[in-house]
Amino acid sequence: MGSVPWKPIDSRAQGLEICPKAEEGEDNVYSPALNVSMAMDSVDKVPVVKAKATHVIMNSLITKERRRSEKSQVQTTQHVLRRSRPGTMQDPRVLAALCGVLLCASGLFAASGDFCDSSQCLNGGTCLMGQDSAPFYCLCPEGFTGLICNETEKGPCSPNPCLHNAECQVIDDAHRGDVFTQYICECPQGYVGVHCETSCAKPLGMEEGAIADFQISASSVHLGFMGLQRWAPELARLHRTGIVNAWTASNYDRKPWIQVNLLRKMRVTGVVTQGASRAGSAEYLKTFKVAHSLDGRKFQFIQDEEASGDKVFVGNVDNSGLKINLFSSPLETQYVRLFPVSCRRGCTLRFELLGCELNGCSEPLGLKDNVIPDKQITASSSFKTWGLRAFGWYPFYGRLDKQGKFNAWTAQSNDASEWLQVDLGSQKQVTGVITQGARDFGHIQYVAAYKVAYSNDGVNWTEYKEHGAVDSKIFPGNLDNNSHKKNVFETPFFARYVRILPVAWHNRITLRLELLGCER
C-alpha cells in the first residue's frame, strides 16, 4: 500500500507567511503583541510531527535537530519579544509568526490531522496511534517488519531453506519480531528429506536384477502356445527382451495383480510401466491402481487427490513406450501391488519401481562411474588366466557392470582369507553394497556369501555385526554371473576403507561391486 506524504499547514492560504522574507536592506519586523508565557505556552501546544524522512518517524533525528537549532530558536524568540509590548495582542499574526520562526528554524512541520489519516504503513500494515514518544506504530502482517512494514521478515522461510523448488511452510504460531518455532518443506514429486535434498526416484532393482525373482509374485500366469510359454511375474522387468519377456495375467483372472516384496521397508515414490508384444499383437495396461502393505496381508490403495476414492493411474498407449507415474506422497512400505483396471487385449506388463532407502543415504559412492580411481581399489591377490600378466583379473576391474573380456576381480586362490578393498578417499557413511559375478571364458563365477569389514586407517579393522549380535554378519551374495544382489546394512557405519571378505563362492571368487552411502 502506498504512503501519502504529510503536508505542512498552508499559512499563505490564511493570509499568513511562516517564513517571510525581508525586503532588501530591511530587517524582519513582527507586530509587538505577544505575552511571553502565552507565546511559550502556545508554542508547546503546536502539534509537531517529530521527523519525516522517507516516511519513517525517527525520534533520534528529532532530538538531534532540536539540539542543533536550540540556539537559533532562543535568539529569534528574544528578538520577537523585545519588539512586542507585554500583555497585548495587537496583531493576531504574531503567534503564527513566532511558530513559523520556530518551525522554520527546526525544520519541523505542523500536522494537519491524525497520524493514521494517511497510510504510513506499507504492505498491508495496520497503523495504530502511539502512546508514548512515538506518534504511531505499524502492526505488520506476517512476513514483514520495520517501522513501516517495509522490510522482509527474516523467519525460517525467508530465505527459503527448502531445495528443488520445494514450498516452505511455517507451522505453529508465527509472530512479529522473528519469533518462529518450526517449519516444514513440502517436497515436489521425486524428492524427500527435511529440506527435500534427496532425490528419491531411483530404480529399485526390477530392471537391473537387484530385486530377485523370488520377490516378485502374481495372482495368476498366462500359459501360451499350448502351455509351453509361461508369462511369469519374474519376467515383468523393464526393457526385458526375448519372445516371452513380460508378465501376463490369466484370461480367467477377474482381479489380477502383480506384487513386489522389497524385503524391508523402503520409500517408494513412483512406478514406470511398459507393455509388450504377445503373438504379434501389442498388449499393455491402459489404467491401473497401486496398493501397498507392510506385512503382505493388509493392503491399502493409494487415494486420489480429493481422497474420494482409489487413485486410477494412466498407463501405456503401446507395447514399448514407457509411462512414468510419480506418487503425490511417498509410500513407506515393503510390499507394492499393481492392479490392472483396463488392458488392451491381455493384461501384460513390464515395470520398475522408483524410490530410495528410508535413511535417504544410498547414493553410489563411485565404483561404477569411476569416481573412485583405480589405485584406491586393492585386493589380497589377483588371478591371471593361463598365468599371463596381460590376462589378469585385477581389483580395479571389480566395478559394478564393468564390461570387456576382463571385467571383474578374481582372487588368486579360493580361500576365505582373500579380500577386495575400497579406499573411499575420506570418511563416509556406508549404508549398503551391491555385488555381481562375472564370466571367465564361459565359466560362471561369483561370490555366494561374504562378510564386510571397515576401517578408518586401513590397519585396524572391524567386521560388521548387526545390533546385539555376537558373530559377524554373513550377507547372501549372488546366484549367477550377471544379476545384482543388494544388501543394506541394518546399522550404517562411518569409514574410509571397506573390505569384502568372501565366505562362499561358485567356481572362483569373482566380484564386481558398488558401495552405497553418502558424505555425512
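A Cβ is built for glycine as well, from the same backbone N, Cα and C atoms used for every other residue.
In TrEMBL, annotation is done automatically, which means it is predicted and not curated.
Looking up Cys196 in TrEMBL gives a disulphide bond whose other cysteine, out of Cys187, Cys200, is Cys187.
The Cα atom of Cys140 (disulfide bond) lies nearest to that of Cys121, taking the disulfide-bonded residues Cys121, Cys187, Cys196 as the candidates.
For the disulfide-bonded residues Cys138, Cys187, Cys196, a Cα-Cα cutoff of 10 angstroms around Cys149 (disulfide bond) retains Cys138. In sequence order, Cys162, Leu163, His164, Ala166, Cys185, Cys187, Pro188 make up the list of same-chain residues 6 or more apart from Cys196 (disulfide bond) whose Cβ falls under 8 Å from its Cβ.
Counted within 10 Å of its Cβ, the other Cβ atoms near Cys149 (disulfide bond) come to 24, all protein chains included.
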